[in-house]
Number of protein chains: 2
Amino acid sequence: MIEDKNPQRTPLSDLGEFKLIEHLTKHFKVSQKSTVKSIGDDAAVLSFKKKQVVVSTDLLVEGVHFDLSYVPLKHLGYKALIVNLSDVYAMNATATQVTVSIAVSNRFPLEALEELYAGITTAAKLYNVDVVGGDTTSSTSGLIISVTAIGEVDEDKVVLRSGAKPNDLLVVTGDLGGAYMGLQILEREKEVFKVNPNNQPDLSMYTYIVERQLKPEARKDIVELLNELNVKPTSMIDVSDGLSSEVIHLCKQSKVGVDIYEDKIPLDPQVISTCEEFNIDSTTIALNGGEDYELLMTISQEDFPKIKGNPNLTIIGYMTDEDRGMHLVTRAEEKIPIIAKGWNALKDQS
Amino acid sequence: MIEDKNPQRTPLSDLGEFKLIEHLTKHFKVSQKSTVKSIGDDAAVLSFKKKQVVVSTDLLVEGVHFDLSYVPLKHLGYKALIVNLSDVYAMNATATQVTVSIAVSNRFPLEALEELYAGITTAAKLYNVDVVGGDTTSSTSGLIISVTAIGEVDEDKVVLRSGAKPNDLLVVTGDLGGAYMGLQILEREKEVFKVNPNNQPDLSMYTYIVERQLKPEARKDIVELLNELNVKPTSMIDVSDGLSSEVIHLCKQSKVGVDIYEDKIPLDPQVISTCEEFNIDSTTIALNGGEDYELLMTISQEDFPKIKGNPNLTIIGYMTDEDRGMHLVTRAEEKIPIIAKGWNALKDQS
């Protein structure tokens, strides 16, 4: 795909490491007050004064986390940032800086890296974070992207995974399962393409879910909304591995149980129809799908009036005493134990 | 080599991602006051009060930065931290936290990762930094390690690359070229081993340089020494790519020139004798070798009495006006322009 789109191919060896970094990072602008010194020294220098600093890091590996046969590099750069920013927002913090390191084999021309960095630049601008450092090196095989995201938060506003209490409401943003179903569509089209390369896929029925997979967004808006509503969640996590995996984290770290109501789980109509098409249960997908980058939080009952009816926040259950366990209450009012079947990067790959 | 040393081989898939992270990180202790919340949430929470924060990141890729046929995994874990801590010290800062991400293929058993983490733990303890986060995922081929190091420094003590002035003294710590010559020895022994696997290498003549390559140290002690001496360098950088490459960075960013005196460059006797054995010029190795992780700094003339005769600090030249250029003054008193021939990860590999 890279070859088709970029008739111009400048070998990376034409530039060398320093010139490559200079070339790729020249468009990055500093917008955060806390950035004292950005790219160009041994380390970036940041200043947070009284705020606390949150740090999160993720590694994206070609063939494990992404497949370049259907992921455009620009989208990949964008998504690499989103995945990390999402972790910062899950702390109820404001993302301020990122570092981006890439290892890349010589099969990538400069133009491909420019695409990747265009996506990084777009996300950095939209989410108002400064790219303050990174490393660019070669790889013997595929593309590897490592992003570290940094954020700031007032000491009394940090939200951990461990603060949920029995009777707290379980609240999720947006809708679930879309990113996973988008991946199923892309995988299917890839197989079709292999058989008949002239076949032009019609993805118009799946725009929402394909976009959820290829160009997810992080819920910066929710941190701002919670602040406006004057609501501090008692615990929070981002939904990267699927609802069941994340709620188990909250329960275990908070030492509580949970009842999730199947009929309350927010699903986009496209997720429902695509699940029907693939003949799979949409609740299973919402529970185990992953990569939605929504926020899952617990909110004290007394804050209920503040969030009631807000279209961004769906109450899907409530926390219980730990010994009550973790359950899904089905439409048939059966109670099924929740177990983590989330995406396991180490088990699925070889 | 991994196979020989570890008769016990537990497949990574036996654990899954969360249990693997838990298993590998359970020995990490928090010792820094600035670490509020370490591993186990969406992000680590740090608190630096009035200090400034420095952040640096590096990516180490198997087959590019290290060769597991002669690098023990424990040493590799150690070195992965050192490489990043060195960047923090080059800002005249104190390293406080690191995040460590690894991507690993299933050919590595759990015991191999335990070795790697043993090295990480040893370095973290010795350099008094907290491991506060990371990511563990699979790779389709080799081992990839991404480390982000965080440090703190008083606002008025940060040393950038850009502060050197004409007439400042150029000072380097320790000695140069050892790590590169150690690598030559290891590469040679690897070739010998390929021809005759029963041949036991005798490395006793090369202990110092092989250790410089396999288990380098970062100059935490120098930041403390400079503080005790009440000397703030006008500019500083760590020597990772070789003296010539680093001094060019200082000159370009400070807009000055430099004269380096060949006869002042500190060389260990083992570097000199090994260079003779390989029939290569030791000055060339000191200029271009890389991976020594010493600190190169410029110091104002008025601080000369404070550093004079200190065995850790060698004056190797002085800075000049920018239009005088960058030169090496040879033993024969010839002036040769300094050019960067440092290790280029993108050019050397394919």
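Just so it is clear, glycine is given a Cβ too, placed from its N, Cα and C backbone atoms.
Where the annotation comes from TrEMBL, it is an automatic prediction and has not been curated.
What TrEMBL lists as Mg(2+) 2 binding site is A:ASP58, A:ASP87. According to TrEMBL, the substrate binding site annotation covers A:HIS65, A:GLU291, A:TRP343. Positions annotated as Mg(2+) 5 binding site by TrEMBL: A:ASP241. Look at TrEMBL and you will find A:40-153 tagged as domain 'PurM-like N-terminal'. Annotated domain 'PurM-like C-terminal' per TrEMBL: A:165-323, in sequence order.
The Cβ neighbour count for A:HIS65 (substrate binding site), using a 10 Å radius over every protein chain in view, is 23. In terms of C-alpha distance, the listed binding-site residues A:HIS65, A:ASP241, A:GLU291 place A:HIS65 closest to A:ASP58 (Mg(2+) 2 binding site). For the binding-site residues listed here (A:ASP58, A:ASP87, A:ASP241, A:GLU291), the lowest count of other CB atoms within 10 A around the CB belongs to A:GLU291. The helix, strand and coil residue counts that DSSP assigns across the domain 'PurM-like N-terminal' (A:40-153) are 34 helix, 44 strand, 36 coil. Taking the Cα atom of each, A:GLU291 (substrate binding site) and A:ASP241 (Mg(2+) 5 binding site) are about 6 angstrom apart. When the C-beta distance to chain B is held to under 8 angstroms, the binding-site residues A:ASP58, A:ASP87, A:ASP241, A:GLU291 reduce to A:ASP58, A:ASP87, listed in sequence order. Rounded to a whole value, the Cα-Cα separation of A:ASP241 (Mg(2+) 5 binding site) and A:ASP87 (Mg(2+) 2 binding site) is 12 Å.
Separating the Cα atoms of A:HIS65 (substrate binding site) and A:ASP87 (Mg(2+) 2 binding site) is a whole-number distance of 17 Å.
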